[in-house]
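Data block below; observations after.
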Amino acid sequence: MEYWCLILAASPAAMLILLPAGDGEGPVFPQECLSHQQVLSTVRQMQKLLSAQEAAHLQGMRSLKKQLSVLHSPVSICPSADTCPQLAVPLNGRKLGRSARVGHDVHFICNAGFRLVGSESRTCRRDRTWSGTQPFCRSIDECASNPCANGGTCVDGNQSYTCLCPRGWSGASCQSPEDGMLAGNSSFSRQPRCAEGRPGSRHCSCDAGFQMRAGGVCQDVDECQLFQPNPQTRICLHDCLNLPGSYRCLCPPGYVLHADRNTCEDVDECAGSQHNCTHGELCINTFGGHRCVRPKCPPPRHNTSYVKTSSFQCERNPCPTDSRACRLAATSISFHYLPLQANRTVPRVLFKMSTTRFVGDSLRFAIIGGRGQGVFAVRRSDRQTGELVLSSPVVGPATLEVELEMSEFSRKVLLGKHIFKVTAFVSQYEF
(Lines of atoms letter the chains of each structure in order from A and count residues from 1; the text may use other names and numbers.)
(Lines give C-alpha, C1' and ligand atoms only; values in the text may rest on other atoms or scores of the structure.)
Protein backbone atom coordinates (compact mmCIF):
# COMPACT_ATOMS: atom_id res chain seq x y z
CA MET A 1 0.00 0.00 0.00
CA GLU A 2 1.27 3.48 -0.88
CA TYR A 3 0.81 6.56 1.13
CA TRP A 4 1.28 10.22 0.41
CA CYS A 5 2.46 13.06 2.58
CA LEU A 6 0.68 16.40 2.08
CA ILE A 7 2.46 19.64 2.80
CA LEU A 8 -0.01 22.54 2.88
CA ALA A 9 1.16 25.97 1.98
CA ALA A 10 -0.45 29.24 2.98
CA SER A 11 -1.04 30.25 -0.65
CA PRO A 12 -3.90 28.87 -2.77
CA ALA A 13 -1.33 26.98 -4.90
CA ALA A 14 -0.72 24.22 -2.33
CA MET A 15 1.98 21.62 -3.05
CA LEU A 16 1.54 17.86 -2.84
CA ILE A 17 4.65 15.75 -2.13
CA LEU A 18 4.48 12.01 -2.74
CA LEU A 19 6.51 9.78 -0.42
CA PRO A 20 7.06 5.98 -0.89
CA ALA A 21 5.99 3.64 1.89
CA GLY A 22 8.55 1.95 4.15
CA ASP A 23 10.22 -1.53 3.50
CA GLY A 24 9.00 -3.05 6.77
CA GLU A 25 6.35 -5.63 7.23
CA GLY A 26 3.62 -3.18 7.91
CA PRO A 27 2.82 0.18 6.65
CA VAL A 28 4.76 3.09 8.04
CA PHE A 29 2.76 6.09 9.05
CA PRO A 30 5.04 9.07 9.49
CA GLN A 31 3.74 11.53 11.95
CA GLU A 32 3.24 14.23 9.30
CA CYS A 33 1.70 12.05 6.51
CA LEU A 34 -1.99 11.46 5.71
CA SER A 35 -3.84 8.46 4.37
CA HIS A 36 -4.98 8.27 0.77
CA GLN A 37 -8.59 9.07 1.67
CA GLN A 38 -7.54 12.03 3.74
CA VAL A 39 -5.40 13.38 0.89
CA LEU A 40 -8.31 13.09 -1.61
CA SER A 41 -10.68 14.82 0.80
CA THR A 42 -8.18 17.62 1.33
CA VAL A 43 -7.63 18.03 -2.41
CA ARG A 44 -11.40 18.30 -3.00
CA GLN A 45 -11.66 20.99 -0.31
CA MET A 46 -8.80 22.88 -1.91
CA GLN A 47 -10.50 22.63 -5.31
CA LYS A 48 -13.72 24.01 -3.85
CA LEU A 49 -11.80 26.84 -2.20
CA LEU A 50 -10.05 27.69 -5.45
CA SER A 51 -13.35 27.52 -7.37
CA ALA A 52 -15.00 29.89 -4.85
CA GLN A 53 -12.10 32.32 -5.10
CA GLU A 54 -12.24 32.21 -8.90
CA ALA A 55 -16.02 32.86 -8.83
CA ALA A 56 -15.52 35.81 -6.46
CA HIS A 57 -12.79 37.17 -8.73
CA LEU A 58 -15.03 36.92 -11.79
CA GLN A 59 -17.89 38.58 -9.93
CA GLY A 60 -15.58 41.41 -8.91
CA MET A 61 -14.45 41.86 -12.51
CA ARG A 62 -18.05 41.97 -13.73
CA SER A 63 -18.88 44.62 -11.08
CA LEU A 64 -15.83 46.67 -12.04
CA LYS A 65 -16.74 46.50 -15.75
CA LYS A 66 -20.27 47.59 -14.93
CA GLN A 67 -19.02 50.61 -12.97
CA LEU A 68 -16.64 51.53 -15.80
CA SER A 69 -19.54 51.28 -18.26
CA VAL A 70 -21.59 53.71 -16.14
CA LEU A 71 -18.68 56.14 -15.98
CA HIS A 72 -18.24 56.04 -19.75
CA SER A 73 -21.94 56.69 -20.42
CA PRO A 74 -23.19 60.32 -20.94
CA VAL A 75 -23.34 62.20 -17.63
CA SER A 76 -26.81 63.41 -16.60
CA ILE A 77 -27.09 66.15 -13.98
CA CYS A 78 -30.01 65.80 -11.65
CA PRO A 79 -31.64 68.96 -10.38
CA SER A 80 -30.67 69.97 -6.90
CA ALA A 81 -33.19 69.29 -4.20
CA ASP A 82 -32.80 72.81 -2.75
CA THR A 83 -33.90 74.82 -5.79
CA CYS A 84 -37.24 76.21 -6.96
CA PRO A 85 -38.66 75.90 -10.50
CA GLN A 86 -37.41 78.53 -12.94
CA LEU A 87 -39.68 81.58 -13.25
CA ALA A 88 -40.82 82.97 -16.59
CA VAL A 89 -39.73 86.40 -17.82
CA PRO A 90 -42.79 88.69 -18.14
CA LEU A 91 -43.65 89.93 -21.62
CA ASN A 92 -42.38 93.51 -22.12
CA GLY A 93 -40.26 93.17 -18.99
CA ARG A 94 -37.11 91.66 -17.52
CA LYS A 95 -36.11 89.30 -14.74
CA LEU A 96 -33.13 90.25 -12.56
CA GLY A 97 -31.36 87.38 -10.82
CA ARG A 98 -30.60 83.87 -12.09
CA SER A 99 -30.25 81.79 -8.93
CA ALA A 100 -33.24 79.61 -8.03
CA ARG A 101 -31.70 78.25 -4.82
CA VAL A 102 -33.49 78.41 -1.47
CA GLY A 103 -33.16 81.84 0.11
CA HIS A 104 -32.32 83.67 -3.13
CA ASP A 105 -34.41 86.50 -4.60
CA VAL A 106 -35.53 87.24 -8.16
CA HIS A 107 -36.68 90.74 -9.18
CA PHE A 108 -38.88 91.90 -12.05
CA ILE A 109 -39.07 95.23 -13.91
CA CYS A 110 -41.05 96.40 -16.94
CA ASN A 111 -39.92 98.22 -20.05
CA ALA A 112 -40.69 101.89 -20.56
CA GLY A 113 -44.38 102.47 -21.13
CA PHE A 114 -45.44 99.52 -18.98
CA ARG A 115 -46.13 99.08 -15.28
CA LEU A 116 -45.64 95.96 -13.17
CA VAL A 117 -48.70 94.13 -11.85
CA GLY A 118 -47.91 91.48 -9.26
CA SER A 119 -44.89 90.80 -7.06
CA GLU A 120 -41.85 92.96 -7.74
CA SER A 121 -39.60 90.47 -5.90
CA ARG A 122 -40.02 86.73 -5.22
CA THR A 123 -37.99 84.53 -2.83
CA CYS A 124 -37.29 80.79 -3.14
CA ARG A 125 -38.65 79.30 0.11
CA ARG A 126 -37.54 76.17 1.99
CA ASP A 127 -40.47 74.17 0.62
CA ARG A 128 -39.08 74.94 -2.88
CA THR A 129 -41.93 77.25 -3.82
CA TRP A 130 -41.75 80.95 -4.70
CA SER A 131 -43.21 83.67 -2.53
CA GLY A 132 -45.63 86.18 -4.05
CA THR A 133 -47.40 85.90 -7.38
CA GLN A 134 -46.12 85.79 -10.95
CA PRO A 135 -46.06 89.40 -12.24
CA PHE A 136 -46.87 90.72 -15.69
CA CYS A 137 -46.34 94.06 -17.45
CA ARG A 138 -49.41 96.11 -18.32
CA SER A 139 -49.27 99.00 -20.77
CA ILE A 140 -49.59 102.42 -19.15
CA ASP A 141 -52.75 103.90 -20.63
CA GLU A 142 -51.95 107.59 -21.14
CA CYS A 143 -55.51 108.08 -22.34
CA ALA A 144 -57.11 106.96 -19.07
CA SER A 145 -57.43 110.57 -17.85
CA ASN A 146 -59.25 111.64 -21.06
CA PRO A 147 -56.73 114.38 -21.91
CA CYS A 148 -58.28 115.24 -25.29
CA ALA A 149 -60.93 117.95 -25.12
CA ASN A 150 -63.82 118.91 -27.38
CA GLY A 151 -64.47 115.41 -28.70
CA GLY A 152 -60.87 114.67 -29.62
CA THR A 153 -59.80 111.03 -29.95
CA CYS A 154 -56.89 109.92 -27.75
CA VAL A 155 -54.30 107.53 -29.24
CA ASP A 156 -52.11 105.87 -26.61
CA GLY A 157 -48.36 105.71 -27.32
CA ASN A 158 -45.13 104.80 -25.54
CA GLN A 159 -45.11 107.11 -22.50
CA SER A 160 -47.14 109.65 -24.48
CA TYR A 161 -50.45 110.19 -26.24
CA THR A 162 -51.71 111.91 -29.37
CA CYS A 163 -55.03 113.71 -29.75
CA LEU A 164 -56.84 113.47 -33.06
CA CYS A 165 -58.87 116.67 -33.08
CA PRO A 166 -62.28 117.08 -34.74
CA ARG A 167 -62.81 119.69 -37.39
CA GLY A 168 -62.51 123.22 -36.08
CA TRP A 169 -60.14 122.39 -33.17
CA SER A 170 -56.37 122.22 -32.85
CA GLY A 171 -53.62 122.04 -30.24
CA ALA A 172 -51.93 119.23 -28.33
CA SER A 173 -55.17 118.54 -26.45
CA CYS A 174 -57.64 119.96 -29.03
CA GLN A 175 -58.04 122.93 -26.72
CA SER A 176 -57.74 125.75 -29.26
CA PRO A 177 -60.66 126.68 -31.52
CA GLU A 178 -59.72 127.48 -35.09
CA ASP A 179 -60.71 130.80 -36.68
CA GLY A 180 -64.47 131.34 -36.61
CA MET A 181 -65.04 128.26 -34.51
CA LEU A 182 -65.69 129.91 -31.18
CA ALA A 183 -68.66 131.92 -32.32
CA GLY A 184 -70.33 129.03 -34.08
CA ASN A 185 -69.68 126.27 -31.52
CA SER A 186 -72.77 125.44 -29.53
CA SER A 187 -70.66 124.16 -26.62
CA PHE A 188 -69.13 127.58 -25.99
CA SER A 189 -72.28 129.63 -26.66
CA ARG A 190 -75.80 128.90 -25.57
CA GLN A 191 -79.14 130.56 -24.98
CA PRO A 192 -79.74 132.18 -21.59
CA ARG A 193 -82.22 130.99 -18.99
CA CYS A 194 -85.06 133.47 -18.82
CA ALA A 195 -87.98 133.89 -16.44
CA GLU A 196 -91.00 136.15 -16.72
CA GLY A 197 -91.28 138.72 -13.96
CA ARG A 198 -93.74 141.49 -13.45
CA PRO A 199 -95.95 142.30 -16.40
CA GLY A 200 -93.74 143.57 -19.16
CA SER A 201 -90.47 142.46 -17.50
CA ARG A 202 -88.20 139.50 -18.19
CA HIS A 203 -85.07 138.33 -16.34
CA CYS A 204 -82.38 136.27 -18.12
CA SER A 205 -79.20 134.73 -16.75
CA CYS A 206 -76.35 132.50 -17.89
CA ASP A 207 -75.02 129.26 -16.42
CA ALA A 208 -71.86 129.32 -14.32
CA GLY A 209 -68.84 129.82 -16.53
CA PHE A 210 -70.79 131.84 -19.11
CA GLN A 211 -71.54 135.53 -19.44
CA MET A 212 -74.12 137.53 -21.34
CA ARG A 213 -72.89 139.04 -24.60
CA ALA A 214 -74.44 141.37 -27.14
CA GLY A 215 -77.40 139.80 -28.84
CA GLY A 216 -78.56 138.05 -25.69
CA VAL A 217 -76.28 135.02 -26.10
CA CYS A 218 -74.41 133.39 -23.22
CA GLN A 219 -70.74 133.07 -24.21
CA ASP A 220 -68.18 130.87 -22.45
CA VAL A 221 -65.70 132.60 -20.16
CA ASP A 222 -62.19 131.48 -21.17
CA GLU A 223 -60.66 131.20 -17.71
CA CYS A 224 -57.33 130.05 -19.15
CA GLN A 225 -56.91 133.13 -21.32
CA LEU A 226 -58.23 135.39 -18.59
CA PHE A 227 -56.16 134.21 -15.60
CA GLN A 228 -53.36 131.87 -16.69
CA PRO A 229 -50.96 134.37 -18.38
CA ASN A 230 -50.51 136.41 -15.21
CA PRO A 231 -48.28 134.72 -12.57
CA GLN A 232 -50.28 136.47 -9.85
CA THR A 233 -53.63 135.09 -10.99
CA ARG A 234 -52.76 131.85 -12.78
CA ILE A 235 -55.11 129.00 -11.92
CA CYS A 236 -53.01 126.03 -13.08
CA LEU A 237 -49.47 125.19 -12.06
CA HIS A 238 -48.50 124.06 -15.59
CA ASP A 239 -51.01 124.37 -18.43
CA CYS A 240 -54.67 125.20 -18.71
CA LEU A 241 -57.32 123.72 -21.01
CA ASN A 242 -60.48 125.75 -21.54
CA LEU A 243 -63.76 123.80 -21.45
CA PRO A 244 -67.33 124.95 -21.97
CA GLY A 245 -68.22 126.71 -18.72
CA SER A 246 -65.07 125.48 -16.97
CA TYR A 247 -61.39 124.55 -17.42
CA ARG A 248 -58.99 121.72 -16.75
CA CYS A 249 -55.38 121.81 -15.56
CA LEU A 250 -52.84 119.71 -17.46
CA CYS A 251 -49.49 118.29 -16.36
CA PRO A 252 -46.41 117.43 -18.45
CA PRO A 253 -45.14 113.84 -18.88
CA GLY A 254 -43.64 112.50 -15.67
CA TYR A 255 -46.29 114.19 -13.51
CA VAL A 256 -49.87 113.49 -12.51
CA LEU A 257 -52.54 115.97 -11.55
CA HIS A 258 -52.79 116.39 -7.78
CA ALA A 259 -56.04 115.86 -5.90
CA ASP A 260 -56.48 119.65 -5.70
CA ARG A 261 -56.93 119.58 -9.54
CA ASN A 262 -54.52 122.52 -9.95
CA THR A 263 -50.99 121.39 -9.10
CA CYS A 264 -48.81 118.64 -10.57
CA GLU A 265 -47.19 115.83 -8.60
CA ASP A 266 -44.02 114.03 -9.67
CA VAL A 267 -44.26 110.33 -10.60
CA ASP A 268 -41.58 108.21 -8.90
CA GLU A 269 -40.62 105.90 -11.76
CA CYS A 270 -37.98 104.17 -9.62
CA ALA A 271 -40.42 103.14 -6.88
CA GLY A 272 -43.03 101.99 -9.39
CA SER A 273 -40.59 99.98 -11.54
CA GLN A 274 -41.42 102.18 -14.54
CA HIS A 275 -37.76 102.85 -15.34
CA ASN A 276 -35.56 101.40 -18.09
CA CYS A 277 -32.34 100.98 -16.07
CA THR A 278 -30.36 97.85 -16.90
CA HIS A 279 -28.96 95.31 -14.45
CA GLY A 280 -26.14 96.91 -12.45
CA GLU A 281 -27.49 100.45 -12.89
CA LEU A 282 -29.17 102.41 -10.11
CA CYS A 283 -32.41 104.33 -10.69
CA ILE A 284 -32.47 107.94 -9.44
CA ASN A 285 -35.87 109.63 -9.47
CA THR A 286 -35.87 113.20 -10.74
CA PHE A 287 -38.58 115.83 -11.09
CA GLY A 288 -40.49 114.76 -14.19
CA GLY A 289 -38.40 111.70 -14.97
CA HIS A 290 -35.53 109.50 -13.80
CA ARG A 291 -31.84 108.82 -14.46
CA CYS A 292 -29.87 105.57 -14.57
CA VAL A 293 -26.45 105.80 -12.91
CA ARG A 294 -23.55 103.41 -12.35
CA PRO A 295 -21.08 104.78 -9.73
CA LYS A 296 -17.53 103.53 -10.33
CA CYS A 297 -14.40 103.63 -8.22
CA PRO A 298 -11.37 105.35 -9.82
CA PRO A 299 -8.87 103.04 -11.56
CA PRO A 300 -5.60 102.13 -9.77
CA ARG A 301 -2.95 104.84 -9.99
CA HIS A 302 0.33 105.63 -8.20
CA ASN A 303 0.03 102.57 -5.91
CA THR A 304 -3.50 103.73 -4.96
CA SER A 305 -6.54 101.55 -5.52
CA TYR A 306 -10.11 101.50 -4.25
CA VAL A 307 -12.72 98.84 -3.52
CA LYS A 308 -16.53 99.22 -3.71
CA THR A 309 -17.96 98.84 -0.19
CA SER A 310 -21.55 99.83 -1.05
CA SER A 311 -23.58 101.03 -4.01
CA PHE A 312 -22.51 104.63 -3.41
CA GLN A 313 -19.17 104.28 -1.58
CA CYS A 314 -15.54 103.36 -2.37
CA GLU A 315 -12.80 102.79 0.23
CA ARG A 316 -9.05 103.00 -0.34
CA ASN A 317 -7.06 99.79 -0.04
CA PRO A 318 -4.09 99.71 2.39
CA CYS A 319 -1.14 101.70 1.08
CA PRO A 320 2.38 100.32 0.55
CA THR A 321 4.68 101.51 3.35
CA ASP A 322 6.83 103.61 1.00
CA SER A 323 4.03 105.21 -1.09
CA ARG A 324 3.53 108.85 -0.16
CA ALA A 325 1.13 109.40 -3.08
CA CYS A 326 -1.19 106.71 -1.72
CA ARG A 327 -1.19 108.19 1.78
CA LEU A 328 -2.13 111.62 0.38
CA ALA A 329 -5.02 110.20 -1.67
CA ALA A 330 -8.61 110.23 -0.39
CA THR A 331 -9.39 107.46 2.09
CA SER A 332 -12.97 107.20 0.81
CA ILE A 333 -15.13 108.43 -2.07
CA SER A 334 -18.93 108.70 -1.98
CA PHE A 335 -21.48 109.44 -4.72
CA HIS A 336 -24.58 111.61 -4.18
CA TYR A 337 -27.41 112.38 -6.64
CA LEU A 338 -29.77 115.31 -6.04
CA PRO A 339 -33.01 116.01 -7.97
CA LEU A 340 -33.59 119.77 -8.27
CA GLN A 341 -36.35 121.95 -9.69
CA ALA A 342 -35.49 124.79 -12.07
CA ASN A 343 -35.09 128.36 -10.84
CA ARG A 344 -35.01 127.53 -7.14
CA THR A 345 -34.69 130.48 -4.79
CA VAL A 346 -31.16 131.04 -3.49
CA PRO A 347 -29.14 130.65 -1.37
CA ARG A 348 -30.30 127.09 -0.74
CA VAL A 349 -28.48 124.35 1.20
CA LEU A 350 -28.33 121.21 -0.95
CA PHE A 351 -25.92 118.93 0.89
CA LYS A 352 -24.16 118.62 4.26
CA MET A 353 -20.77 117.06 5.01
CA SER A 354 -19.57 115.82 8.41
CA THR A 355 -17.62 113.01 10.05
CA THR A 356 -18.59 110.67 12.88
CA ARG A 357 -14.98 109.84 13.79
CA PHE A 358 -13.38 113.21 14.36
CA VAL A 359 -9.97 112.57 15.92
CA GLY A 360 -8.04 115.60 14.66
CA ASP A 361 -8.29 119.25 15.67
CA SER A 362 -9.71 120.77 12.46
CA LEU A 363 -11.72 120.03 9.31
CA ARG A 364 -11.43 121.85 5.99
CA PHE A 365 -14.06 121.88 3.23
CA ALA A 366 -13.41 122.84 -0.40
CA ILE A 367 -14.70 122.51 -3.97
CA ILE A 368 -11.96 120.80 -6.01
CA GLY A 369 -13.64 120.09 -9.35
CA GLY A 370 -16.75 119.38 -11.38
CA ARG A 371 -18.96 121.03 -13.99
CA GLY A 372 -21.10 124.02 -13.05
CA GLN A 373 -18.95 125.15 -10.14
CA GLY A 374 -20.09 128.74 -10.62
CA VAL A 375 -23.52 128.05 -9.11
CA PHE A 376 -22.19 126.31 -5.96
CA ALA A 377 -20.42 127.46 -2.84
CA VAL A 378 -19.16 125.75 0.31
CA ARG A 379 -19.52 127.11 3.82
CA ARG A 380 -19.07 125.85 7.37
CA SER A 381 -22.16 125.56 9.56
CA ASP A 382 -20.32 124.38 12.69
CA ARG A 383 -16.93 122.96 13.72
CA GLN A 384 -17.60 119.51 12.22
CA THR A 385 -20.10 120.25 9.42
CA GLY A 386 -19.78 121.81 5.98
CA GLU A 387 -22.59 122.73 3.57
CA LEU A 388 -22.90 122.75 -0.20
CA VAL A 389 -24.98 125.81 -1.13
CA LEU A 390 -26.75 126.64 -4.38
CA SER A 391 -25.74 130.27 -4.89
CA SER A 392 -27.42 131.01 -8.26
CA PRO A 393 -30.74 129.94 -9.82
CA VAL A 394 -30.41 127.28 -12.52
CA VAL A 395 -32.52 127.05 -15.68
CA GLY A 396 -33.29 123.46 -16.61
CA PRO A 397 -33.01 120.94 -17.92
CA ALA A 398 -29.38 120.65 -16.84
CA THR A 399 -26.95 118.27 -15.15
CA LEU A 400 -24.47 119.83 -12.74
CA GLU A 401 -21.51 118.09 -11.13
CA VAL A 402 -19.33 119.22 -8.25
CA GLU A 403 -16.54 117.45 -6.38
CA LEU A 404 -16.10 118.29 -2.70
CA GLU A 405 -13.20 117.51 -0.38
CA MET A 406 -13.31 117.23 3.40
CA SER A 407 -9.83 117.05 4.97
CA GLU A 408 -9.03 116.25 8.59
CA PHE A 409 -5.90 117.67 10.25
CA SER A 410 -4.11 117.35 13.56
CA ARG A 411 -1.58 120.10 14.25
CA LYS A 412 -1.57 120.88 10.52
CA VAL A 413 -0.72 117.25 9.66
CA LEU A 414 -3.15 115.58 7.24
CA LEU A 415 -4.88 112.60 8.85
CA GLY A 416 -7.19 111.75 5.97
CA LYS A 417 -9.69 113.13 3.50
CA HIS A 418 -13.00 112.19 1.95
CA ILE A 419 -14.26 113.02 -1.56
CA PHE A 420 -17.97 113.75 -2.18
CA LYS A 421 -18.99 113.49 -5.84
CA VAL A 422 -22.33 115.33 -6.08
CA THR A 423 -24.52 115.33 -9.21
CA ALA A 424 -27.60 117.57 -9.43
CA PHE A 425 -30.29 116.74 -12.01
CA VAL A 426 -32.17 119.98 -12.72
CA SER A 427 -35.69 119.64 -14.12
CA GLN A 428 -37.02 121.89 -16.87
CA TYR A 429 -39.96 122.72 -14.63
CA GLU A 430 -40.17 124.74 -11.44
CA PHE A 431 -42.26 122.11 -9.65
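Counting starts with 1 at the first residue shown.
Backbone N, Cα and C atoms are what each Cβ position is placed from, and that goes for glycine too.
Note that this is a predicted model, so its numbers are computed, not measured.
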Let me make sure I read this right: TrEMBL says C137 forms a disulphide bond with another cysteine. Which one, out of C110, C154, C163, C165?
C110
Of the cysteines C154, C165, which is paired with C174 in the disulfide recorded by TrEMBL?
C165
Rounded Cα-Cα span from C137 (disulfide bond) to C165 (disulfide bond), Å:
30
For the domain 'EGF-like' (220-265), report the average pLDDT of the model, please.
89
Take the C-alpha atoms of C110 (disulfide bond) and C174 (disulfide bond) and report the distance between them in angstrom, rounded.
31
Please report how many Å separate the Cα atom of C137 (disulfide bond) from that of C174 (disulfide bond), as a whole number.
31
Neighbour count, 10 Å Cβ-Cβ cut-off, for C137 (disulfide bond): what number do you get?
21
Using a 10 Å radius around each Cβ and all protein chains in view, which of these disulfide-bonded residues has the most neighbours: C110, C165, C174?
C110
